[in-house]
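According to Swiss-Prot, the features are:
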| type | residues | note |
| --- | --- | --- |
| BINDING | D77, D79, D81 | Mg(2+) binding site |
| BINDING | C78, C94, C101 | Zn(2+) binding site |
Amino acid sequence: MEFDPASLRYDDQGLIPAIAQDAASGEVLMMAWMNAEAVARTLETGRVTYWSRSRQAFWIKGESSGHVQTLVEMRVDCDRDCLLLQVRQEGPACHTNRRTCFYTAIRDGAEVELMAPMV
């Protein structure tokens, strides 16, 4: 059965959340938004392309930073309203220069920083 990006369930702004996960380690790297065209571009090129809500433009991950995400596999959740992108990540995934955007834990009511920026 051929996949059609239009078959996904997008929000009222035409967006769907996409969770990037390191394909080798399983580590969750980040969450960003995609629209149908970003999904199609990602599948066509193998370079993960998101939709930037602040810039209202396509955002090819790593285009300016060099921290490229190459798609290994795209998965659709059971409700078709969220994507899991298994990727090969070059360098840090987070704009703070950390491996993952999820570097802060809440432990005993306090925020704990789990990792420093990569050098």
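All residue numbers here begin at 1 and follow the chain in the order shown.
Cβ atoms are placed via backbone N, Cα and C, with glycine included.
Same-chain residues that are not part of D77, D79, D81 yet have a Cβ within 8 Å of the Cβ center of the Mg(2+) site turn out to be R9, V76, C78, R80, C82.
Counting only same-chain residues six or more apart in sequence, the Cβ atoms lying under 8 angstroms from the Cβ of D77 (Mg(2+) binding site) belong to L83, L84.
Ranked by how many other Cβ atoms sit within 10 Å of their Cβ, the binding-site residues C78, C94, C101 place C78 at the bottom. It is D79, among the binding-site residues D79, D81, whose Cβ has the fewest other Cβ atoms within 10 Å in the structure shown.
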